[in-house]
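Single-structure report; data block below.
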Amino acid sequence: MENLDNIALENFKEYLQIPSVHPDIDYSDCVKFLTKIAEDLQLPIRVINVTPKNPVVVLTWKGTNPELPTILLNSHMDVVEVSEKDWKHKPFGAEIEDGKIYARGAQDMKSVGIQYLEAIRRMKLQNITCLRTVHVCFVPEEEVGKEGMELFVHTAEFKEMNVGLCMDESYANETEKFIFVYGEKSCWQFTIHCKGQSGHGSIFSDNTPGEQLALILEKVYDFRKEQKEKIQNELIEVGETVSVNCTKVSGGEQYNVVPNEMTATFDMRIPPTYSFEEIEEMINKWCKEAGPDCFVEYHDKQNPTPDTKLDDSNIFWRAFREASEELNLELDIVRCIATSDSRYIRLLGIPSFGFSPMNNTKPLMHANDEYLGVETFLNGIKIFCGIIPKLANVH
């Protein structure tokens, strides 16, 4: 077992050392690395280029009844940008200190991709077989939400996989509980344009863009306060709220000139339990109240993503729940506050679970000095050794 742990850790480190970082990623080193792992595990591998620069890599562990709908174990190869000067460790050094491995992607989500493969290694060595075929999928561009899984799910290659269940990421949790995700919010990103009277900075002009912008911000933050208070008063969970934040404000060229336009950009996350039509009407009302030439421009406007049912009608949920009980895992079952590639799977009507085995771990997705404990990583492999065959042997 010690040798298997060393192999897993070395593969994890090598994967982390590949700088598959935005922007403008070259995924060729990821493909070479995964091809080497596939040869080592004696698993067939396919590389499907959804665009000339963006490959999807699929390793397949064939089941004894390949006609059954398959299990898709999904992870993404890309990681978000880093500011190296703000890191104590090299972001792509995969250095180990005090039992923690530091690197961009340690939590999000290169650890999970390697855990899938190393769990399969151990099961194959124990001559374990599964009824259902298991596909281990590595996709590009998850962090920017385009030209990856969104395109892949509409290919002939994906349809041929006959996916019955997808497993994807969740996130770290500082308690004993493991985060389990059954759904997620939809992302709306939009800019509100405030157009009005320009002029000299010393004049009390009417209908200035600044006045309109102030009203828009007041409306947004009143709504945000209402949502936040619902959480603070324990009326609803955070996954049931609409979150909104101002992420960018622009306008003006000179200190003494009132511009004719100012803009504010917002990031909003909406759970499927809300009326998306009412949210849109609310935003339009804000613009109308701000001024006659105030309008909204949408950059991303996702449709509602259906939740995966967690009841006895879902045979895969029953299997996951049984595996969790056998492994003594305590789950914190949530709707994800952000988005993942699972949304493209759920929109096809395919159930999808989000699960990253990282309990007792400070959440550091996208943060400086991202790390994962070595023992947490290795324990995650053991957990997947219990979960994967349970799911893949569902009749």
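Note: Cβ is positioned from N, Cα and C throughout, glycine not excepted.
Taken from TrEMBL, the feature active site applies to ASP78. Within the same chain, residues at least 6 positions away in sequence whose Cβ sits under 8 Å from that of ASP78 (active site) are SER20, VAL21, HIS22, ILE25, TYR27, PRO140, GLU141, GLU142, GLU143, VAL144, GLY148. The secondary structure of ASP78 (active site), as reduced to three states from DSSP, is coil rather than helix or strand.
The DSSP secondary structure for GLU142 (active site, proton acceptor) is coil. GLU142 (active site, proton acceptor): 24 other CB atoms within 10 A of its CB, across all protein chains. Look at TrEMBL and you will find GLU142 tagged as active site, proton acceptor.
The Zn(2+) 1 binding site feature in TrEMBL is assigned to HIS76, ASP108, GLU169. Under the DSSP three-state reduction, ASP108 (Zn(2+) 1 binding site) is assigned to coil, being neither helix nor strand.
The Zn(2+) 2 binding site annotation in TrEMBL covers ASP108, GLU143, HIS366.
TrEMBL lists 182-292 with the feature domain 'Peptidase M20 dimerisation'.
Shown in sequence order, VAL80, ASP108 are the residues of the chain, 6+ apart in sequence, with a C-beta less than 8 angstroms from the C-beta of HIS366 (Zn(2+) 2 binding site). Listed binding-site residues: ASP108, GLU143, GLU169. The one with the lowest count of other Cβ atoms within 10 Å of its Cβ is GLU143. Counting only same-chain residues at least 6 apart in sequence, those with a Cβ under 8 Å from the Cβ of HIS76 (Zn(2+) 1 binding site) are MET109, PHE138, VAL139, PRO140, GLU141, GLU142, GLU143, GLY148, MET149, GLU169, ASP341.
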